[in-house]
Amino acid sequence: MIWHVQNENFILDSTRIFMKAFHLLLFDGSFIFPECILIFGLILLLIIDSTSDQKDIPWLYFISSTSLVMSITTLLFRWREEPMISFSGNFQTNNFNEIFQFLILLCSTLCIPLSVEYIECTEMALTEFLLFVLTATLGGMFLCGANDLITIFVAPECFSLCSYLLSGYTKKDVRSNEATTKYLLMGGTSSSILVHGFSWLYGSSGGEIELQEIVNGLINTQMYNSPGISIALIFITVGIGFKLSPAPSHQWTPDVYEGSPTPVVAFLSVTSKVAASASATRIFDIPFYFSSNEWHLLLEILAILSMILGNLIAITQTSMKRMLAYSSIGQIGYVIIGIIVGDSNDGYASMITYMLFYISMNLGTFACIVLFGLRTGTDNIRDYAGLYTKDPFLALSLALCLLSLGGLPPLAGFFGKLYLFWCGWQAGLYLLVLIGLLTSVLSIYYYLKIIKLLMTGRNQEITPHVRNYRRSPLRSKNSIELSMIVCVIASTIPGISMNPIIAIAQDTLF
């Protein structure tokens with residue numbers, strides 16, 4: 001009799017949970033329509049993989065790319081709509097979140113063409129690769145719209161788990177296995193630190209988990225200036241620091257960049273930073289509103305260390321991917337300037353503008369590295385010597401992307417840094433801006449050193465890799481080259497007429 005009553009209670013509870021979930025999905029599902037498109041694309045990939053013996057590669061790429069493009073289109077149609085909070089406060093839709101979601105989708109859309117020829121040449125499993133990329137994209141999108149501590153913790157874990165699997169995708173490569181192990185261990189540690197910081201925030205606010213409710217809870221409990229909030233700030237900064245990879249939380253970055261497949265590195269180098277920047281901005285600006293001086297100081301220290309160490313160590317690197325790893329550490333230092341400035345002096349607008357340019361510059365550089373690696377089997381910087389004599393198109397494309405990363409006029413990177421540093425100067429961050437300018441000059445040095453190697457015509461400096469280089473025609477149907485052309489154009493032309501981009505970025509207040 002007791003078992004019968006318990007069974008009935010279990011059925012009733014399960015029915016209530018199911019009905020509540022159905023109600024949320026029915027009435028709030030439209031707010032996550034771009035994410036639903038990606039979920040539908042994932043289901044289609046799984047169906048094709050499980051029902052078809054002969055994998056139809058073009059269809060798999062078509063479904064993945066189409067779902068990403070449709071998600072972007074949906075976001076564009078929703079632009080300028082009223083901010084909405086859905087799923088019982090777990091998810092927020094506004095212009096600020098949507099522009100970061102757009103950047104993540106753009107990264108994934110450009111990264112998939114980069115992986116086509118690479119996967120075919122290395123004979124890696126295709127369906128799983130695309131599933132991991134789309135799932136990581138989905139996690140990044142949910143992180144951008146997350147409005148409570150639980151979602152902010154779960155969404156990056158979805159992204160991180162796929163990142164671990166992607167970084168170790170070439171199982172036979174010892175470097176890839178080593179990179180995955182370090183990435184997994186440090187990722188697990190950082191997640192533990194992050195959730196510990198959340199627990200302090202949760203307790204100090206009287207048991208609130210929504211970001212805005214945490215602020216109200218801190219006011220009600222009079223704990224907004226307590227030591228507990230300072231402890232929470234330190235732990236959360238360390239946890240988020242792993243995702244952003246500023247110094248000194250950068251130890252995993254060079255090894256993961258060097259050991260992972262190059263298209264995976266291209267994907268992780270931009271999407272993780274975009275998603276983490278969106279999350280960091282909301283966490284620091286809303287729950288830690290009363291501790292702005294403290295988190296400003298913490299981020300200033302991280303920015304200074306990142307800009308100096310990242311660019312100094314990059315000079316000594318011999319691997320192109322490790323050099324870009326340390327370069328990305330320096331680049332995140334520039335982005336942190338925009339986070340510190342905030343909305344008062346267009347800090348977020350300058351950060352978003354620079355991130356848009358950084359995506360094109362970085363992915364363009366990695367597209368060139370993927371092409372060169374497939375044709376020569378190396379990523380050593382010395383082996384690029386004399387590439388211009390064999391493939392002028394690839395050499396010029398790589399040179400333009402590197403110069404744009406360095407911030408030389410009139411390329412997009414120059415105008416992005418100019419806007420970012422100007423906003424920092426207006427906000428009174430004179431030391432950060434001066435260090436940013438000096439380290440930008442330093443970065444130009446090691447970028448120019450590579451370009452000098454590309455353009456050399458001395459036979460004694462040209463390595464066997466370039467002598468045996470197989471040049472492809474300019475009008476090739478290679479998807480990597482098409483993606484590279486798009487990124488190179490986006491790294492050069494938009495900087496000259498960036499007023500519309502700035503206007504859109506300025507319309508992202510939350």
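Cβ atoms here come from the backbone N, Cα and C positions, even for glycine.
Swiss-Prot lists 28-48 (among others) with the feature transmembrane segment, giving sequence analysis as the kind of evidence.
The transmembrane segment feature in Swiss-Prot is assigned to 57-77 (among others).
Per Swiss-Prot, transmembrane segment is recorded for 99-119 (among others), and the stated evidence type is sequence analysis. Residues 34, 61, 64-65, 68-69, 71-72, 75-76, 126, 129-130, 133-134, 136-137, 140-141, 144-145, 261-263, 266-267, 270-271, 274-275, 277-278, 352, 355-356, 359, 363, 366-367, 370, 374, 478-480, 482-483, 486-487, 504-505, 508 of the same chain lie 6+ residues outside the transmembrane segment (99-119) yet bring a C-beta within less than 8 angstroms of a C-beta in it.
Tertiary proximity for the transmembrane segment (124-144) is limited to same-chain residues at least six positions away from its ends with a CB under 8 Å from its CB atoms, namely 32, 34-35, 38-39, 41-42, 45-46, 48-49, 55, 57, 60-61, 64, 67-68, 71, 91, 97-98, 100-101, 104-105, 107-108, 111-112, 115, 151-152, 154-160, 162-163, 165-166, 169-170, 261, 267, 271-272, 274-276, 278-279. What Swiss-Prot records for 124-144 (among others) is transmembrane segment, and it gives sequence analysis as the kind of evidence.
Sequence annotations record features per position, and here Swiss-Prot assigns transmembrane segment to 149-169 (among others) based on sequence analysis.
Feature annotation from Swiss-Prot assigns transmembrane segment to 183-203 (among others).
Annotation source Swiss-Prot lists transmembrane segment at 295-315 (among others), citing sequence analysis.
If you look up Swiss-Prot, you'll see 323-343 (among others) marked as transmembrane segment.
What Swiss-Prot records for 354-374 (among others) is transmembrane segment, and it gives sequence analysis as the kind of evidence. With a threshold of 8 Å between CB atoms, the same-chain residues lying at least 6 positions outside the transmembrane segment (354-374) that come near it are 103, 106-107, 110-111, 114, 117-118, 121, 262-263, 265-266, 269-270, 273-274, 277, 320-321, 324, 328, 331, 334-335, 338, 384, 387, 394, 397-398, 400-402, 404-405, 412-413, 415-417, 419-420, 478, 480-481, 483-484, 486-488, 490-491, 494-495, 501, 505.
Sequence-distant neighbours of the transmembrane segment (395-415) (same chain, 6+ residues past either end, Cβ-Cβ under 8 Å): 327, 331, 357-358, 360-362, 364-365, 367-369, 372, 384, 387-388, 440, 443-444, 447-448, 450-451, 454-455, 484-485, 487-488, 490-496, 498. As annotated by Swiss-Prot, transmembrane segment applies to 395-415 (among others).
Look at Swiss-Prot and you will find 418-438 (among others) tagged as transmembrane segment, backed by sequence analysis.
Residues 99, 110, 346, 349, 353, 356-357, 360-361, 363-364, 367-368, 371, 397, 400-401, 404, 410-416, 419 of the same chain lie 6 or more positions beyond the ends of the transmembrane segment (484-504) yet place their CB under 8 Å from a CB of it. Under the heading transmembrane segment, Swiss-Prot lists 484-504 (among others).
Residues 300, 303-304, 307-308, 333-334, 337-338, 340-342, 344-347, 349-351, 353-354, 407, 498, 502 of the same chain, all 6+ positions outside the transmembrane segment (418-438), place their C-beta atoms under 8 angstroms from a C-beta of that stretch. Under the criterion of 3 or more C-beta pairs below 8 Å, with sequence separation of 6 or more, the transmembrane segment (57-77) and the transmembrane segment (28-48) qualify as touching. Listed as Cβ neighbours of the transmembrane segment (295-315) (distance under 8 Å, sequence separation of 6 or more from its ends, same chain) are residues 233-234, 237, 241, 246-248, 250, 284, 288, 323, 326-334, 336-337, 339-340, 429, 431-432, 435-436, 439, 442-443, 445-446. Counting same-chain residues at least six beyond the ends of the transmembrane segment (183-203), those with a Cβ under 8 angstroms from any Cβ of the stretch are 149, 152-153, 156-157, 160, 163-164, 167, 209, 214, 228-229, 231-243, 249, 251-252, 255-256, 287.
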